[in-house]
Every structure is written in C-alpha cells, then in structure tokens.
Amino acid sequence: MEISPSILSADFGNLLSDIQKVETEKPEYLHIDIMDGHFVPNITIGPLVLNALKGKTEIPFDVHLMIEEPDKYIKEFVDAGAKNITVHQEACVHLDRTLQLIKSMGINASVALNPATSLDTLRYVLSSVDMVLIMTVNPGFGGQVFINGMYEKIRELASIRNERGLNFKIEVDGGINIDNIKDVVLAGADVIVAGSFIFANGDPGENLKKLREAALK
Ligand code: DX5
Ligand code: ZN
C-alpha cells in the first residue's frame with residue numbers, strides 16, 4: 001500500500017512546512033488537487049504553486065485535475081513537476097487522446113471516476129492507464145464522508161484487473177481515515193489519498209504514521 005497525502009487540507013499559509021512534516025514519514029506521493037470552479041464547485045491552485053514547490057520536496061507530485069478541458073494545461077503541470085496526472089473521465093471528450101498526451105510527456109497517465117460513473121466507461125482504456133482513481137466522495141471538497149457503496153466498485157475494479165491480467169494501480173480518494181483504511185485496502189486499493197485525516201488536526205507526520213499502522217492491523 002502507498003499513501004498520497006492530499007495538501008487540500010494543509011495550511012496554505014505554511015504549505016512547505018506542512019509538506020515537510022509528512023516528508024519525514026516518506027509518503028510515496030504528494031496528492032495535489034486542482035479545481036477550476038467549473039468541473040467542481042470549488043477553486044484551488046494552479047501550476048504556479050506547483051512550480052513554487054518544485055525542487056523543495058522530494059515527494060513525487062500526484063496531480064488530480066478536477067478541471068474541464070485538461071488538455072490545455074497538461075504541459076504546464078508537467079513542467080511544474082507532475083510525475084502523475086489524473087484526469088476525470090467525465091471531463092474528457094477524447095479520453096484516450098488525453099491519456100496519450102500525458103504519456104507522451106514521459107509521466108504517468110491516470111483516470112478518475114466520480115462515484116456515480118460506471119467502471120464500464122473505462123473498458124477500452126484500462127490497458128493504457130497507470131492508475132485508476134476511484135472517488136469515494138463527490139469531488140470538490142476535503143473532509144467529506146466516505147460513500148460506503150464504493151467498496152463494491154473497488155472490488156469490481158480489482159477483479160477486472162485480475163481477469164484481464166492488467167497492472168494499473170487502484171487509487172482511492174475521499175473520506176479515508178484510520179477506521180476505514182484497512183477495509184479500503186482489503187477491497188483492492190493500492191494507493192490511499194488522505195487529506196483531512198493527515199492535515200486537519202494534529203501533527204501531519206504522526207497522522208500519516210497512524211494511517212499506515214491502521215492499514216496493517
Ligand atoms: C476531493 C479531493 C480529495 C480530498 C480528500 O475532491 O479529490 O483529494 O483532498 O480529502 P479527505 O481525505 O479529507 O476526504
Ligand atoms: Zn484528489
């Protein structure tokens with residue numbers, strides 16, 4: 001299991017310092033949520049902020065684009081240090097083209113599904129993605145409650161991967177904490193995104209450690 005702390009719930013006035021607090025626990029990725037106020041009802045940050053962090057942390061940037069027309073901005077995010085870019089199936093008219101565009105820039109290409117979107121929509125691209133992100137809340141905000149119906153979706157995706165002999169990772173995003181992380185991993189998740197649990201209360205490094213422990217219990 002890998003962890004991708006989401007900086008959405010970090011203190012943006014002290015962003016680098018919050019990132020350094022999780023760095024000591026060696027998270028595999030740093031999850032960066034990009035929202036445009038159109039695809040989701042919230043606005044966050046853009047490549048400018050990633051550029052400012054680039055080179056100041058060793059943690060690879062796992063960029064989750066919750067934006068319309070992502071193709072327009074992919075190069076900027078790659079230049080700003082993204083090592084993985086995840087686009088939403090619902091935001092891409094030509095999903096295969098968008099995934100190829102990301103790959104052509106030499107980084108990982110991944111796709112996210114909103115809770116209501118079927119796994120069937122990914123059938124013909126699954127063999128060319130590095131990761132599938134299952135949203136376990138409706139995207140747009142941190143601190144929401146995990147939607148229990150998503151366990152089945154994670155299990156189904158893991159079984160499709162197995163049947164087809166594919167090796168993309170399954171990332172799960174939204175409402176994950178020490179009470180449900182183990183079940184999420186047992187359902188088939190490889191990469192766990194956690195925002196509010198890590199950054200909203202107490203020490204982010206300690207919280208990350210607690211999550212890893214809870215997953216192993
Ligand atoms: C929500 C974002 C998530 C968010 C998760 O749209 O994609 O990455 O930061 O936050 P928590 O862990 O608080 O649900
Ligand atoms: Zn996210």
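If you go along the chain as it appears here, the first residue is 1 and each next one adds 1.
Placement of Cβ uses the backbone N, Cα and C atoms for every residue, glycine included.
The substrate binding site feature in TrEMBL is assigned to S6, H64, G140, F141, G142, G143, D173, G174, G175, G195, S196. Among the features that TrEMBL reports, divalent metal cation binding site is placed at H31, D33, H64, D173. Here TrEMBL flags D33 as active site, proton acceptor. Annotated active site, proton donor per TrEMBL: D173, in sequence order.
For the pair H64 (divalent metal cation binding site) and S6 (substrate binding site), the C-alpha distance works out to 10 angstrom. Close contacts with ligand 2, defined as a Cβ under 6 Å from any of its atoms, occur at D33, H64, D173 among the binding-site residues D33, H64, G142, D173, G175, S196.
Figure note: comparing Cβ neighbours within 10 Å for the binding-site residues S6, S196, the maximum is reached by S6.
Each of the binding-site residues G140, G142, G175 was ranked by the number of other C-beta atoms within 10 Å, and first place falls to G175. A distance of 10 Å separates the Cα atom of G142 (substrate binding site) from that of D33 (divalent metal cation binding site).
If you take the CA of H31 (divalent metal cation binding site) and look 10 A around it, you hit none of the binding-site residues from G140, G175, S196. For D173 (substrate binding site), the same-chain residues 6+ apart in sequence whose C-beta sits under 8 angstroms from its C-beta are S6, H31, H64, A112, L133, I134, M135, T136, V137, P139, V193. The shortest Cα-Cα distance between D33 (divalent metal cation binding site) and any of the binding-site residues G140, G175, S196 is the one to G140. Those residues of the chain, other than H31, D33, H64, D173, with a C-beta within 8 angstroms of the mean position of the divalent metal cation site C-beta atoms are S4, S6, L8, I32, D62, T86, L133, V193, G195. Cβ neighbour count for H31 (divalent metal cation binding site): 27 (other Cβ atoms within 10 Å of its Cβ, all protein chains included).
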